[in-house]
Amino acid sequence: MKILSRLIAAILFVFFFFFALRNTQEVTMHFFLGYERTDPLVLVLLAFFVIGAILGVLAMVPLVMRHRREASRYRKALSQVQKQQEEIAQVQAQPPQPDSVITAQHIL
């Protein structure tokens, strides 16, 4: 699996490298208040890709944190249940107490 992921990464790198070589045209970005900036198309695309990736990660942070809290609660509940099961197993492993023995008089 590791080899496959590295192979895919290498293919994507080569693809984007040649894409960058083919798109070296200059583009002018017009911002507010008359500010303009001219950069190669590849840099503009890369900048927007990075900004999008960062915004995507930031959007996922609350969801990841909520899942971590839930997992922590479930781990605590699981440890409590396991502790209860151990206590039950210990009680069941003990021999019965003398006062709980059924005699022939109790059966009739």
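Glycine residues also receive a Cβ, built from the backbone N, Cα and C atoms like all the rest.
Note that the structure is a prediction, hence the values are computed from the model and not measured.
Database features, via TrEMBL:
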type	residues	note
COILED	64-94	coiled coil
DOMAIN	22-85	domain 'Lipopolysaccharide assembly protein A'
TRANSMEM	40-65	transmembrane segment
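In the predicted model, the coiled coil (64-94) has a mean pLDDT of 93.
Assigned with DSSP, the residues of the domain 'Lipopolysaccharide assembly protein A' (22-85) fall into helix, strand and coil as follows: 49 helix, 10 strand, 5 coil.
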